[in-house]
Amino acid sequence: MCGIIGYAGTEKAAPLILDGLKRLEYRGYDSAGIATVSDNELQIKKDQGKIDEINNELTLSDMNGNTGIGHTRWATHGAPSQNNAHPHTDNENKIAVVHNGIIENYSELREFLVGEGYEFQSETDTEVIPHLVDHFMNQGKKFEDAVRNTAARLEGSYALAITFVGEPGKLVIVREQSPLIVGLGADESLVASDIPAILPHTKRVIILDDGEMGVLTAGNVEITRVESGETVEKEIQEVDWSPEMAEKGGHPHFMLKEILEQPDAIQNTLRVPEGELGELSKILEKADHIYLVACGTSHHAALVGKYALAKLADVSAEAIISSEFQESCVPKEGDVVFAISQSGETADTLKAVRVAIENGAKVVSLTNVVGSSITRLSELSCLTRAGPEIGVAATKTFVSQITYLLLLAFHMARKRGQISGEEFNDMANQLRGLPDITREVLDEVNTQTKKIGEEYTDIKRGYFIGRGIGFPTAMEGSLKLKEIAYVHSGAYPAGELKHGPLALVEPGTLVIALVTPGPARERMIGNIEEVRARGGKVLTLAPEGDKEVKEHVEEVISLPQVLEILSPLVYVLPLQLLAYHMGVDRGHDPDKPRHLAKSVTVE
Ligand code: F6R
């Protein structure tokens with residue numbers, strides 16, 4: 001997805017912006033560029049490709065000036081190309097704009113501007129913006145007023161950072177439905193679409209709200225409402241992420257670093273304030289209908305949450321994929337939409353949230369990013385405390401989401417008298433033991449999964465089976481294998497095999513079976529036998545000490561005995577590592593899987 005970084009200060013802007021762009025690479029992009037203002041001249045360098053390649057070719061860091069903006073683009077309107085890369089300018093090269101989001105009325109604006117004599121250089125929706133700013137400046141408006149007038153004409157979502165040669169030390173920024181934060185330094189001001197980009201400079205940030213704009217100069221920031229021009233007093237927040245936390249910490253890839261950080265992510269999420277769980281439970285208890293709305297990995301966490309709420313607390317909730325919400329659900333007043341999204345910016349989930357609000361339903365959310373768009377639309381926003389997740393594939397945010405949802409289910413179960421105080425304490429204590437248990441599991445299975453991955457070099461497809469709470473974990477293993485190793489895969493409730501998927505099994509077909517603790521174990525062994533009878537090769541995940549399972553399969557990954565309800569937190573670990581090692585073995589970059597992006601901000 002697109003990323004923005006901008007700088008107004010006393011240092012040379014281009015190297016700082018280049019560094020910021022690299023920190024935004026994890027969002028996924030296809031082109032990048034920088035604009036700086038110096039000696040009454042706008043310098044622009046941009047191209048399609050990776051930042052390092054563009055820098056090698058164009059030496060971005062050589063650009064002069066103490067003010068500048070940079071952008072990583074993920075194509076929406078117009079293919080990846082140099083012309084379509086940001087920044088975009090007006091025809092006289094005075095105004096430069098970087099933009100995240102989508103301008104919905106750009107065709108109409110483009111037609112108007114062409115009528116006014118403007119010539120377009122790109123196919124993007126963004127290019128209407130510098131021309132509109134120029135149009136208003138030609139009518140005698142000052143730079144920031146021209147931006148204000150421009151914003152008033154735009155429909156859709158936009159985070160903007162804009163420079164103008166006539167006011168070299170200034171950046172004007174605007175936010176509407178696309179995140180933008182301001183970083184405050186001693187004699188410098190920064191703007192970025194997300195926090196890691198500015199971490200080396202400052203931890204003091206202001207989070208812009210929709211409909212706000214800012215004027216940034218060296219060490220000074222003024223925020224106003226776009227519509228009224230009124231000054232807004234913003235809270236300054238301290239971010240507790242160190243730049244090192246956002247870097248690889250000595251591991252070859254962010255994905256591996258983040259897989260290994262999962263015990264800490266669980267530990268930190270366990271620190272959720274009891275009052276927050278109480279408040280959330282109250283809202284859910286009063287709901288006529290609960291929708292757990294999420295996409296991808298977050299949807300798998302939602303499925304675990306649905307299972308835990310039903311089985312432990314007798315609370316029924318529907319886990320629905322966000323993009324299907326508006327197609328298949330009819331939210332009403334009295335209903336609660338519980339949005340689950342690590343980024344808090346996923347367009348499909350945001351859309352579901354907006355649909356819910358329009359229909360009078362309440363929205364609560366669970367995200368990993370303070371101040372994200374979904375949190376801002378929520379009546380109650382709850383936080384997983386996984387720390388920044390840079391790898392495109394969700395790993396530590398998944399276990400954090402599950403940890404949070406389990407805590408919630410325990411809390412509601414106790415409150416509703418579904419479990420005794422003793423049972424509650426037992427489950428809560430076992431959950432508190434999970435950071436240590438998962439640390440040991442990661443130590444043990446890293447080498448084993450690497451070896452298994454090497455054995456599977458020629459595998460072209462693999463199927464995952466599980467039952468009960470093992471099924472969402474199987475789905476997550478399958479998703480990871482697809483996105484990181486590019487191996488075709490599917491996940492099925494094991495009982496469904498005989499209703500169709502079994503036809504896919506032939507000698508040598510890989511089936512990964514999750515034998516989770518609990519009453520379904522016997523039936524899982526039966527399903528494994530169904531596969532073996534057709535020549536399938538079964539890799540089984542099973543509790544250590546389960547000798548019987550070992551007799552039935554070729555290869556077992558033994559995992560510690562934990563409560564069935566806690567098993568997703570343990571069983572997902574070897575599946576993530578297997579996908580990681582298989583991806584690396586096949587020469588893929590696990591941090592940036594092809595065609596995917598970290599923050600999916602289009603529907
Ligand atoms: C898979 C993955 C995606 C995300 C999905 C939702 O590894 O990362 O499937 O889980 O795009 O993203 P969030 O949680 O940010 O809403």
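Backbone N, Cα and C atoms are what each Cβ position is placed from, and that goes for glycine too.
These features come from TrEMBL:
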ACT_SITE  C2  active site, nucleophile
ACT_SITE  K598  active site, for Fru-6P isomerization activity
DOMAIN    2-219  domain 'Glutamine amidotransferase type-2'
DOMAIN    280-418  domain 'SIS'
DOMAIN    452-593  domain 'SIS'
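The CA atom of C2 (active site, nucleophile) is located 10 Å away from the CA atom of K598 (active site, for Fru-6P isomerization activity).
Look at K598 (active site, for Fru-6P isomerization activity): DSSP puts it in coil. DSSP assigns the residue listed as 'active site, nucleophile' to coil in the three-state reduction, outside any helix or strand.
Assigned with DSSP, the residues of the domain 'SIS' (452-593) fall into helix, strand and coil as follows: 70 helix, 29 strand, 43 coil.
Secondary structure of the domain 'SIS' (280-418) per DSSP (helix as H, G, I; strand as E, B; remaining residues coil): 67 helix, 26 strand, 46 coil.
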